[in-house]
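Lifted from TrEMBL, the feature list:
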BINDING   B:LYS6, B:PHE7, B:GLY8, B:GLY9, B:THR177, B:ASP178, B:ARG188, B:LYS213, B:VAL214  ATP binding site
BINDING   B:THR51, B:GLU78  substrate binding site
DOMAIN    B:343-406  domain 'ACT'
Number of protein chains: 2
Amino acid sequence: MIIVQKFGGTSLSDDCSRQHVLRHIRRERAEGHRLVVVVSAMGRRGEPYATDTLLDWIADNGNSLPDREKDLLLSCGELISAATLCSLLNREGIPAVALTGGQAGIRTDARFGSARIVGVNGARLLEYLEEGKIVIVAGFQGMTETGEITTLGRGGSDTSATALGAALQAGIVDIYTDVDGILTADPRMVSEARPLPMVSYEEICNMAYNGAKVIHPRAVEIAMRAAVPVRVRSTFSEGTGTLVTRADSVRRQSGWTDRPVTGLAHVKGVTQLAVATEEGPSDVQLRVFRAMATNGISVDFINVTPAGVLYTVIDQDAGEALKLLGGMGLAVRSRSGCAKVSVIGGGMNGEPGIMARIVEALTAAGIPILQSADSNTTIWVLVSEEDMVPALQALHAAFGLHLVPS
Amino acid sequence: MIIVQKFGGTSLSDDCSRQHVLRHIRRERAEGHRLVVVVSAMGRRGEPYATDTLLDWIADNGNSLPDREKDLLLSCGELISAATLCSLLNREGIPAVALTGGQAGIRTDARFGSARIVGVNGARLLEYLEEGKIVIVAGFQGMTETGEITTLGRGGSDTSATALGAALQAGIVDIYTDVDGILTADPRMVSEARPLPMVSYEEICNMAYNGAKVIHPRAVEIAMRAAVPVRVRSTFSEGTGTLVTRADSVRRQSGWTDRPVTGLAHVKGVTQLAVATEEGPSDVQLRVFRAMATNGISVDFINVTPAGVLYTVIDQDAGEALKLLGGMGLAVRSRSGCAKVSVIGGGMNGEPGIMARIVEALTAAGIPILQSADSNTTIWVLVSEEDMVPALQALHAAFGLHLVPS
């Protein structure tokens, strides 16, 4: 079958890591699979070919690069990675070719810096695979119809990988990273966090949108639409990581049908704003959100009542939001330094008492809930930043996430 | 008018040099010219984005990059230069775009590593120029019809510049470098060497082919065919350098009609081979040259007589040539460490006595001539390497090259 492997920057940044990459390629090839390998730029700020180093270079040289040319520049980071891996494979006698995103058939719109994939033509990749070659593709980049080089934005290599996987109807897309898979919570916050053998597309999307930095949600959505399974696994270990697939497969295969909650995620640095609108004109609530939108301020945790409007913004936007609201003559209370804790589970829908268990756990830990919200697969609570780690730990224990079977 | 400017690696390698580059661009722009700026990769081995550094990187990582992928990798060096200059210009409020060679319309064949330009479509460049933008083009690279990225080989940025100049019918192609123009001889050999205000296309081609590293001969030929004048000038000074144009223009404009010799060039590291063929079969001479050709050994200074064959190879090829000739049972005398001194002048054709003056000058200096050859614009003499510098000095004086008017 066709396997798409994606290796991130930390998997390519030094010789030892690259040996692990070669090991994964050799293993799958030995099993007879045909491989498309998507690579990110190497390493971190300070290393010469890293994305941030290229951006630092421009910051020191005029700092005035238009978006179009910035993409031209950044595309080099992934090209250098692709060429490097190509050389290493060919030395071992494993025939390999390296392609730009455009050469790999990834067509995008012309939104430089955050282009969207509008189509993938896999014909050329299939030809190379047919010839028995490993096809290395520079991730994070594509090409417009008129030959402009674009980048897909941060996390774009994940998107390259799943888009190619979808176009080629790959058997699996393996996202290699520096963690052992998707965990029930961030292990820096919750030491009992356990790797999840299986999650659904929806669950991992919710985790990613709510602050878990495992895989880009756009990438998951593309895999989900094409029903291509994704695995998030470690470059540096032998574990098979976390399989991301359809919710019904998860329920069927995991043998863990009664799990209402799959994992926890969190985002810090949130400011809660309470706007009294009772005295204002009748369209004041509309005007509040319109003012946020026209000034590019994202809002969350929105709660509209006759008495007023309660919502959150990120701390960095709080100053501007307060200025805008002040200019409208509104009375505002703000509370910065809040954290959003997300309780995620594809199985919570229709399951009674989840919210009750959350409130119970947090109350027992003495943690005030500043606000809450819920969808059919996620419940969010807003707490003070100091309460975030205790809240995660209390919820992890309350839902038995330390008991997740490997 | 349209001016194509080409800046080499040393002109872009540090901030001070880049300020000179900006000065040249500002000056021509202030005079109302429309500018296409071709850039090489920055700097020298050791600097992160230099061509040699990228090659060293691969040498350390598998050292097995196919030619196709090597071109993909190397193209990044020029892209990073182009983006850097684009940022610097935009900071000054000078609108600029950066293009890959392919985006600039440079179509090549698929001979990776030394691709030939098969066509240039200047439409897109003209559009940008029409919009008042400076168009920066990554030199040394092009694209095949199927979207493969190619490089033009060393010196290729000169070729990019003259090919774009020819396609756009530019008023002039300015090759900016770290010397003040084309000199009558290498100043490290001949301290009296003087800059030439004007030379013909043919003369500079002969100089380049004979070891003077000023501009790539392929680049000159493209300019010559399109009758686009070229100027070789210094990035770091105000001088206007050397104008390279048609021989009749040189004769008309230089006011120096009776100059039989324009300059001297030299190549070291040559081995002379004398093969006795008198006793061998009748086709032995043919077999000698066939053996060299099939083994990829370039021959020069060929002199075939009934008694034998006299020719030269570069020192590095001498061992293999001797082995081949020995295998054919031929008696060979070889002399390594020779140098080829070239006396070049578009005006020597039909001028009597040039060879006599060469022999006279070298004899007076006590320098034995090991061999000679001549075309209508160049006379070559082979001397021992120890005699090379004295020979260059004697010839420079004999032809009054120290008197070239500025």
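One is the number of the first residue shown, and numbering goes on along the chain from there.
Just so you know, glycine gets a Cβ as well, placed from its N, Cα and C.
These numbers come from a predicted model, not from an experiment.
Within 10 Å of the Cβ of B:VAL214 (ATP binding site) there are 22 other Cβ atoms, across all protein chains.
Counting residue by residue with DSSP, the domain 'ACT' (B:343-406) contains 28 helix, 13 strand, 23 coil. Around the Cβ of B:LYS6 (ATP binding site), a 10 Å sphere holds 29 further Cβ atoms from the protein chains shown.
In this structure, the CA atom of B:GLU78 (substrate binding site) is 20 Å away from the CA atom of B:VAL214 (ATP binding site).
Per-residue pLDDT, averaged across the domain 'ACT' (B:343-406), gives 90.
Note: the CA-CA distance between B:GLY8 (ATP binding site) and B:THR51 (substrate binding site) rounds to 12 Å. Secondary structure from DSSP puts B:THR177 (ATP binding site) in a beta strand. Site extent for ATP: among the recorded binding residues B:LYS6, B:PHE7, B:GLY8, B:GLY9, B:THR177, B:ASP178, B:ARG188, B:LYS213, B:VAL214, the largest C-alpha separation is 25 Å. Comparing B:THR51 (substrate binding site) with B:THR177 (ATP binding site), their Cα atoms are 17 Å apart once rounded.
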